[in-house]
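Engineer: Have a look at this one.
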């Protein structure tokens, strides 16, 4: 096998001499080869979908219906369960066949994508402009670029509407707030009021406000997808039909690397938002499948011991804790009755097992004395020992809890992975944006290939 370091190996217009990029620069060699770049992207999509299908089947094969999903390290089945497949009241899995079907469909799709990727990478035309002008492009062609942007927006809008149709017409989705501890239901009266939907965007991100992450009913979530899907589709049509205005032509850099940097920035934002969503939100990410949120596990612990000590005769309304504040109950800064002790910092928490015990002024003492249901006790005791605090050696739960289980919560995995990947994507955005701006300004030199040490070394073989 010849190496590229001695420059004799020609790769049909993809070698170092013709592109300025060595083999390890990956798709940079394909910047001007639209056909080969298509192959790389389709093959990449095939790898992604193959992972989804294979991992899906792996989780199905290892799934134990008697244990909660979050105790089994699952990250794909909780998403399918949230969409209402295979689950019944209380989030209990009653049928794993839909999960199997999902895995098989993804595997079949990945085979089609894989074949297309290999075809376009090896056999198809190097460039699409001559044979298929509709699919061809020049990076500098602003009109074509916004047309491609428009097509992408329409596809994203259709994706948002897929969730809407699932919730409205195809069996519904899982609602953790359904009475008695959660159930699958069809969403009937959507929230379409713009003041409600866009009100989320205007909220503070802090404390009890929580920006869009604070959404806690499915009507708002599905209604938001109606709005978002409509905006994406209308924006897509707009971008297909129009050319960029003068201010936009001046404001942006119009090159392949610039578009890459914009995409990386968008993905970084998505990653950071997803991190906060999966960490704090127990409506879009029901605790029955993903495990409790951190605040939820803490409040569940306070609730569990309130129940226990009340049974043992404690007067939970007036008992004092070691600091002189209420041991079980106290008041928040705004006057609501909240759980006392260290969990006071999580007094904003809203959870379906706790809300029935609230009155107009926070936790209702008479309900705490008379109305606590067994399912609420069971659920809080379970959540108390499954806090999303797993460490590297997988000792999950609160460290001092003797009943803690060996597990890392899927919330920990999903929040951490999306934060880390979002950060890497942001750094990639800065890198490629800097290079694209420098190239546009005309002073991007790159590495001086003539002085690169590796060129003077002997070939590997």
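Even glycines carry a Cβ here, placed using N, Cα and C.
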Engineer: Using Swiss-Prot as the reference, determine which range in 410-434, 435-459 is annotated transmembrane segment.
Structural biologist: 435-459
Engineer: What range among 222-242, 243-263, 306-326 does Swiss-Prot describe as transmembrane segment?
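Structural biologist: The listed stretch tagged transmembrane segment in Swiss-Prot is 243-263.
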Engineer: Among the residue ranges 100-121, 122-143, 144-165, I'd like the one that Swiss-Prot describes as transmembrane segment.
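Structural biologist: Among 100-121, 122-143, 144-165, the range Swiss-Prot annotates as transmembrane segment is 122-143.
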Engineer: Per Swiss-Prot, which of 15-36, 191-212, 279-300 is transmembrane segment?
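Structural biologist: Going through 15-36, 191-212, 279-300 one by one, Swiss-Prot gives transmembrane segment for 279-300.
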Engineer: Between the candidate ranges 57-81, 332-356, where does Swiss-Prot place the transmembrane segment annotation?
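Structural biologist: In Swiss-Prot, the transmembrane segment feature sits at 57-81.
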Engineer: With a Cβ cut-off under 8 Å, give me the same-chain residues at least six positions beyond the ends of the transmembrane segment (166-188) that come close to it.
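Structural biologist: Long-range Cβ neighbours of the transmembrane segment (166-188): 81-85, 87-91, 216-219, 222, 282-283, 286-289, 352-353, 355, 375, 379.
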Engineer: Determine which residues of the chain contact the transmembrane segment (122-143) at the Cβ level, with the cut-off under 8 Å and only residues 6 or more beyond its ends counted.
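Structural biologist: Hits for the transmembrane segment (122-143): 12-13, 31-36, 38-39, 243-244, 249, 254-256, 259.
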Engineer: Mind checking which residues of the chain, 6+ beyond the ends of the transmembrane segment (279-300), have their Cβ under 8 Å from one of its Cβ atoms?
Structural biologist: 68-71, 77-78, 81-82, 90-91, 174, 176-177, 182, 210, 213-218, 221, 339, 342-343, 346, 348-349, 351-354, 379-384, 386-389, 397-398, 409-411, 414-415
Engineer: Return the residues near residue 355 ([CaMn4O5] cluster binding site) by Cβ distance under 8 Å, restricted to its own chain and a separation of at least 6 in sequence.
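Structural biologist: Listed in sequence order: 177.
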Engineer: Sort residue 355 ([CaMn4O5] cluster binding site) into helix, strand or coil using the DSSP assignment.
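Structural biologist: Looking at the DSSP assignment, residue 355 ([CaMn4O5] cluster binding site) belongs to a helix.
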